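Feature annotations, courtesy of Swiss-Prot:
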type	residues	note
MOD_RES	Ser7	phosphoserine
REGION	25-44	region 'Interaction with SNX3'
REGION	205-215	region 'Interaction with SNX3'
REGION	438-796	region 'Interaction with SLC11A2'
REGION	500-693	region 'Interaction with IGF2R cytoplasmic domain'
MOD_RES	Ser783	phosphoserine
MOD_RES	Tyr791	phosphotyrosine
Amino acid sequence: MPTTQQSPQDEQEKLLDEAIQAVKVQSFQMKRCLDKNKLMDALKHASNMLGELRTSMLSPKSYYELYMAISDELHYLEVYLTDEFAKGRKVADLYELVQYAGNIIPRLYLLITVGVVYVKSFPQSRKDILKDLVEMCRGVQHPLRGLFLRNYLLQCTRNILPDEGEPTDEETTGDISDSMDFVLLNFAEMNKLWVRMQHQGHSRDREKRERERQELRILVGTNLVRLSQLEGVNVERYKQIVLTGILEQVVNCRDALAQEYLMECIIQVFPDEFHLQTLNPFLRACAELHQNVNVKNIIIALIDRLALFAHREDGPGIPTDIKLFDIFSQQVATVIQSRQDMPSEDVVSLQVSLINLAMKCYPDRVDYVDKVLETTVEIFNKLNLEHIATSSAVSKELTRLLKIPVDTYNNILTVLKLKHFHPLFEYFDYESRKSMSCYVLSNVLDYNTEIVSQDQVDSIMNLVSTLIQDQPDQPVEEPDPEDFADEQSLVGRFIHLLRSEDPDQQYLILNTARKHFGAGGNQRIRFTLPPLVFAAYQLAFRYKENSKVDDKWEKKCQKIFSFAHQTISALIKAELAELPLRLFLQGALAAGEIGFENHETVAYEFMSQAFSLYEDEISDSKAQLAAITLIIGTFERMKCFSEENHEPLRTQCALAASKLLKKPDQGRAVSTCAHLFWSGRNTDKNGEELHGGKRVMECLKKALKIANQCMDPSLQVQLFIEILNRYIYFYEKENDAVTIQVLNQLIQKIREDLPNLESSEETEQINKHFHNTLEHLRLRRESPESEGPIYEGLIL
């Protein structure tokens, strides 16, 4: 029966299982012999057990498991030997003896085990034995077996390496220099073995070998960890011996995987203080690394680590004699220079780290930040980059770069001090410029940054011009209406932050802003010009407040209203009607309230402009009713007109109301006009209400007449009730022309018509309205106010 093919994983598990079983058998025998004090037999079983490590069949992962199992058993042997030597057994004989083991792998593992025990028992032999052991390990040149053997040597000697602060006889026991030499040599040899792994086996297994090498890298890195743990390794020794030795090995091995891992290892395991004193040699080595090494990640890791160190509250910070930013700036430039094929996004990533470093270590040095931006501009010029696509990696990195100053300063005015910020902005394509412009404006709004001068306004407007004016590179298709409205609302809100303490300066700021916004095209100005008009009205009120200290305030107010008029006119040219109409009405109110010289003329002009817009531009009946109601409401609040101007305006309102297309609209507008003849005010009566009772009655009678002409019965009754409420209002305001008889007639009319309406939700609403009106009258009749009219004779 044919056997089924095993998967590589199953094969590995089977081989490992067999090896572990053999280890268990031999270790059991070894321990039995040790318990019976049969040392020679025990060593024979130990040698057999170690023979399992001679295999070439296991993957690094499986070999590691086997190695760990054997290491644990060897520890038992080490403890036994230590006890024996303490009792007086001769070590020298044993050290000689294990050298006769048949195979080199078992022999060297046993030599290390015995050698370590020897050193612990007789420290005076330490220097020679350590040298002996590290040299002997050269005997195993198979990468996998050699790496684990040397790792065993490193682990076993962990606690016996000479270090600072212990009494020593340097001739025999060695000193810190011997420890550094020992670990550096072991590191160099392990790195060579590790690098050599890539050349073993078939080229088709290359990817698998690279994966296996990745798994084994920690064995090589452990040497660097060991060096960093030696107390005797101070800054001076690190600079002169340790780093020099490591970098020499790293640069010379010419292997990208090893170089990248070991450089990152150096950054991680040694203290920040050491890195600060050795920046130049480390960064110079970066420039010499293999072309396939991702140098960017190495440099960024170092920069980020030192930036954190500088930022630590409890730390000493960066020593003043170390020009950290300058060193990194120069060395990063050298690295970029030495790597012509470095991807553009990696080049920008390095600048991102540099700018982070400048921000964290030198928060007050705006020039350092600008230096990074300038370098980036120069790099882009060399690469002939322009309009970088939003989707590209370079665009993402450039976005990160430019967001850092925005987020760190949280003040656009500081960002504007960076001369190279705007030039870099221009490298983006349309989409990226637009999203970055939104980002900048959102930051201004979030932090309420006030823009206080014309130059600042100019600079910001130019920076975010993608939101303010059409661009040559913008897409042909129309933008999404919602997105467009959101972007423009952002700009509109920003206008309210253009404010100077000095009113004259504020006027110049608004003028500058209008120049930019005026060129925005019809779609944009409906969002951007109205806030500008309101800002102008606010400024006019400020001049009024300053009238005691500024004798030219009235002329300045006229100038402001002229500015507002021009700005609103631009909206009319953009074929907008309702928006400019509202702005003219607001202007008329403002002019009337401020009361500067010529204010009546200005207010009249603004009112008549609103009328012109109403008559010429608004044709939709709903919009017409809303507009005339607004005009009447605004005019009713104004008290700056003489009778000469007030009379034609109120007549005009009444006329316009009666000319509305739909009868219900006419009725409502005409009845609203009644208020103009009652509570309207002019200068001839010193601002007191007109109280023209007769004209009020004329309006209300006309409204009733119009309501009578309505064909829809429910609409007709509804209008009657609304007009009844107007009558009641004026009766309570003590208009003599409105009598109880008039009220009774209208109530009777409504009572007659209501039952004829078809049953519906609308009819229910009408009934409710009428009921509420009668309830009001009932309450007034039963408990009349002392000053109010008496409802005597009212029939309810």
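Note that Cβ sites are derived from N, Cα and C of the backbone, with glycine treated the same way.
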What DSSP reports for the region 'Interaction with SNX3' (25-44) is 17 helix, 0 strand, 3 coil
Rounding to whole Å, the Cα atoms of Tyr791 (phosphotyrosine) and Ser783 (phosphoserine) are apart by 10
If you measure between the CA atoms of Ser7 (phosphoserine) and Ser783 (phosphoserine) and round to the nearest Å, you get 102
Within 10 angstroms of the C-beta of Tyr791 (phosphotyrosine), the count of other C-beta atoms across all shown chains comes to 19
DSSP assigns the residues of the region 'Interaction with SNX3' (205-215) as 11 helix, 0 strand, 0 coil
Ser7 (phosphoserine) has its Cβ surrounded, within 10 angstroms, by a count of other Cβ atoms equal to 9
